[in-house]
Structure formats: C-alpha cells, structure tokens
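Here the structure is laid out as structure tokens; the discussion comes afterwards.
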C-alpha cells in the first residue's frame, strides 16, 4: 500500500458522489454536512426510528456517532445498523467518549455486539474501553493515556472482526493482519470541535467506494491530514476560526496529486 495507490480513492469519491447516512451528534452536524459536501460526497442526517432503516438501505455508508447520546438515538442506531447489515451497506462506528460514563461505555460495547462493523474509529482511550481494556479517559475529547496503541488497534480489529482506526498524533489502521501508520495532520485540528467526527464521516465516503476497508481508511486519513496541513500553512497564525474555513476549502481542493506528494504512510 502506497500513496499512489490510495490517492486514486479520492478521485473515486468525487466521481461517485456517495450518499453517507450520518446518525451523529448535535454539536457537529453542520460541520459534518459541509465537510462531506466539500469533499464531493452527499450527506444525509436522518434520526427518526420510523425512517432510518429505509434511509440506510439506499446509502453508500452508515456512520454511527454517539457524541450526544440519547436512548432514542441508540434505538435509531440499532435499527439503521441492522438495515445496513441486511443491505450490504458498510457501517462505521465512532464511540465518542467510551469510558467516560458507565452508560456511554455500555452503549459503546452494545452496538458492536449487535451490528457488524466495517470500521471502528476513535482515539486510543475510546477503542480500549470498547474492548474492555483499561485506559484512562477524561471527557469525550481525551485520548491521552498509557498503553500500546498498535496493540489495542489489533486487539479491537480481531475481537470486533472489523478494521480498527485509532487517531491521534499518529494514526493507526489495522484489519488485524495489515497495519499502517499515517503521519499527516496538524495540531490545530484539536482546536476546532467536530474534526474527529467529520473524519469518521469522511472515512465513510471513502468506504462507500472502496471495498478494501483498510485501504479506504488509509486513503481517507491521508487525504484528511494533507488537507489539514495545507489549510494550516495558510491560516495557523490567524487562529482556529480561519483554519476551519480554509480546511473546508482544502477538503474541496486537495487532489490525488497532493496525496502522492505529501502523504506519509508506513506499513508496519
């Protein structure tokens, strides 16, 4: 797997304009929709239990994000996830804040037990808590802690039979056999709320057009990181507000050639 190979997935997304169904949180809905549109995908946010199964059946991917967790949303996620499994629609799960509260952790473990996942994406603490490994977490945005990130990712991939994506200063993608580290991105991403949640949805757009889910995830992470670097180069001295706007621009303007030129991936 190399940058030339993965760069082609970006073009596929823009050619295909995949529909990505997001059951996500109230904090990030607008940013997620705008980010997907900028990339070249089509976002939809449908939460009502009366329609989620039908909406999911026509989508290219389903993204489940438990950032602002409510019982009715959990019910909708389960209905949508089961519809996705029945209709061969890949499911991506973002267990935001797993480990922060007992309820949140319970839901984060229940969803993978009920739904077959294509991708699970979170920080190290969240993924560790989903698979019941000890890792301290403070709030839904915290990922710092002690432990071997690659080991946790491989364990999650094996136990959940999925592709595990752990994001942080360096990003790790593994299907349990292949493991890839991506070293793109910029620290200013942590100053804008919703960048992690949008990332999961962007991976969803890539998964919708590339059935090798590990390859799709690596392509999405590299694209996202390069776009962040290009945006930061123009705006980091101005601050996160300017960066957020320019980042949307770069999601639209970053090309497959940029990924080949600036992508930093390593198969380990």
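Yeah, the Cβs are placed from backbone N, Cα and C, and that goes for glycine too.
According to Swiss-Prot, the features are:
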BINDING   45, 194  substrate binding site
BINDING   121, 167  ATP binding site
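Structure with Swiss-Prot features highlighted.
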| residue | record | CB count, 10 Å |
| --- | --- | --- |
| 45 | substrate binding site | 15 |
| 121 | ATP binding site | 31 |
| 167 | ATP binding site | 27 |
| 194 | substrate binding site | 20 |
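Across the fold, the C-alpha of residue 45 (substrate binding site) and the C-alpha of residue 121 (ATP binding site) stand 19 Å from each other. Note: the Cα of residue 194 (substrate binding site) and the Cα of residue 167 (ATP binding site) are spaced 14 Å from each other.
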